[in-house]
Amino acid sequence: MGKRRRGKQEIDNLTKKQKKHLKEFGEQHPFHDKVVERPEKTQILRLPDSPQRPEPDSEDDSDAEQPSAYQKLLSTMIQGDEDDVESEDEESEEEDNEEEAEVEGDSEEEVEDTDEEDGNDAEEVLEDKVEETSDKLQKKHPEKTNGDVEENEEAEMEGEFTDKKNEAAFCLETNMPAEGEENTAQQEQDEDMFVKHQEIELSEEEVGRISQGSKVKTQVKWAKLGVLQCMCPLERFPAIGQASSAPLPPIHKTLEANWHLLNLPFGAATDVTELQKEMLGLMGTYRDLYLANLSPLKEAKEVRSAYCLHALNHVLKANSRVLRNNAKLKESKNGDEDFRDQGLTRPKVLILVPFRDGALRVVQTFMTLLEPKGKKTDASNKKRFKEEYGEETDEKPPNLQRPDDYHAVFSGNIDDHFRIGMSILRHSMRLYAPFYSSDIIIASPLGLRTVLGAEGEKKRDHDFLSSIELLIVDQADVFLMQNWEHLLHVLEHLNLQPLDSHGVDFSRVRMWNLNNWAAYYRQTLVFSAIQEPQITNILTKHCHNYRGQVCSKTIPKIGSICQVLVQLPHVFQMFHSDSFMDQDARFQFFVDKILPQYRDSVMSHTFIYVPSYFDFVRLRNYLKKEDVSFANISEYSQRSEVSRARHYFQKGEKQFLLFSERFHFYKRYTIKGIHNLIFYGLPTYPHFYSEVCNMLQAGVREGGASVSFTCTALYSRYDVHRLAAITGADRAAQMLQSKKTTHLFITGEEKST
């Protein structure tokens, strides 16, 4: 214990300057070195009156000193990035204090560890500190351990771990096909849509027609996918027919053994389902696809497995073609053969998922599909990946009572800031590959946004998205609940002309990539739990596939209003609006027609549900201005603010409670004390309507049975999808076509009328 206290005391006695130096360089400045009494090894030299003794605040003389072994070690890690070190020296006083606290805490732990093992002096404490500092530097700047990788490539993953060891093993330019793999070219027959799609040549006239957005629309009905709307921009690529006319695409030889085990990762039946067969048939045509109304409890897992197979099949075919052409070029004597089989950058597939758990499940599906017979998939950095993307056992409180769909969406690790690159070669997978060496990038919109940056920023990079051939947007509805602008920002940076060549061999680049036509060849797959105009707008504005688009148009016949259990009159009031984005009309209708009815003190306990946060802020400011008694709860409210608002509203001390939809999405609290319910806008998720209405049961259970409840919902003709999901397709059609602007439904003991 004495040695431990002595080591801790030495750290505590350091000045702030000394601690900062220890933090940055892993050892004390030579002036402050304390030599341990070891007469046989160390000579003690004291110079108390030396006129050349350096001042503690002076760093000029340190450069003249001969660098120690520790400094030489660190210099190899931070070589080429002196600017970053200098910028750290210019940090503010607050950051210095934070570093000081961090050094103290970390050093105390290191002292205890070294004393328990074999620490006899303060030098071992400093040695451990050097190793700790080196690890931190390597994690913060992994690119500095390999000077062969270009700076732009490293900037994308700054502050994150990237795999540098397996660069040569997964390099497409230097690898050759394995034995027996040369004959796999027979798979690439003219009937393979992958080959057709890659080799189609468009004319400038056809590109112009696609850009204009004119499309021929038709409808078909499939057994599982329901009603599908097909939009074709070019006549020579007609619309799809019935499900039987879209057979399963050819599967790459690497996947032949396991592709039928598509549903094995989530413990379902091993056979491919009918839904997956229809999806694979559609995706194999390389048309854009938008499927909505996919329940996270039922179809979500099947959908994930299907698009993982399609993405992996696409990457393996593309890489196999490159490897075969490498062998042909090597055998060619004159070298006159021309093989255009690549894009301007290597990444081919971009998969956007909202949470880390989604990325984990995608990678697990990839591993299952790539697994050779009798062996496990060779995946580098698998342990690190499971640690960073897996769920910690103590993250969620026990006995959390939430709906089943909530647990399905928020299962596992729900961190929404991540990005990871993957390289695929035969049965092997390289996790944490640098983006410019990756075949597949799995990320959240927020994770990519921090790399892409914004206009005018110094550190930004989007070249790795220049040659994306397959874009997959899974759980698009969840992105609406996060930040939709991040997703749009990513879409705006797809298939742009790169600013740097990144070492590409232009003789191998496809002509449509050189012509900046990659956007017309990119396939986009969008999957969502709801029908929403903002999601549909993705395909309208950001997708220009020359093969056209297929969108699901199935509307539920039975609405979520049938799931309301409490006896409640539902009044739907329609207001006139000129466009989907016209929020002024909704606000004026609410202020002029709805709110005055509830200003009377008799109409207390009024709950206002607001889907849009912008509308939430607008209403909050208006209620403050009008001096209305209200409380508010949003996704940005602190826990104490939420508790006070719920208490004041339940006790009647606040007449109104302003409630944002995103808070309900992330928390699913039951609000007690609701007597009057106002939907400022129809909920984004139809089951939210019934969930909020059933909150009135909480008041009934606590003795409020004698209270008469009311419910009012506002809608316009642009809310057709939300209205149909709540009231049902037939009733929604009648309401929109009727000359009346008010419609009444009764739920509870009586049937809805």
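Heads up, the Cβ atoms here are built off N, Cα and C, so glycines get one too.
As written in Swiss-Prot, here are the features:
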- 23-43: compositional bias 'Basic and acidic residues' (COMPBIAS)
- 80-126: compositional bias 'Acidic residues' (COMPBIAS)
- 127-137: compositional bias 'Basic and acidic residues' (COMPBIAS)
- 148-160: compositional bias 'Acidic residues' (COMPBIAS)
- 377-388: compositional bias 'Basic and acidic residues' (COMPBIAS)
- SER50: phosphoserine (MOD_RES)
- SER58: phosphoserine (MOD_RES)
- SER62: phosphoserine (MOD_RES)
- SER87: phosphoserine (MOD_RES)
- SER92: phosphoserine (MOD_RES)
- 1-160: region 'Disordered' (REGION)
- 1-189: region 'Promotes p53/TP53 degradation' (REGION)
- 377-402: region 'Disordered' (REGION)
- 566-627: region 'Promotes p53/TP53 degradation' (REGION)
- 628-689: region 'Represses p53/TP53 degradation' (REGION)
Residue numbers, six or more beyond the limits of the compositional bias 'Basic and acidic residues' (377-388), whose CB comes under 8 Å of its CB atoms
161, 163, 165-166, 356, 360, 363, 366-368, 370-371, 420, 427-432
Check the region 'Represses p53/TP53 degradation' (628-689) for me and report the mean pLDDT.
96
Counted with DSSP (H/G/I as helix, E/B as strand, rest coil), the region 'Represses p53/TP53 degradation' (628-689) has 24 helix, 13 strand, 25 coil
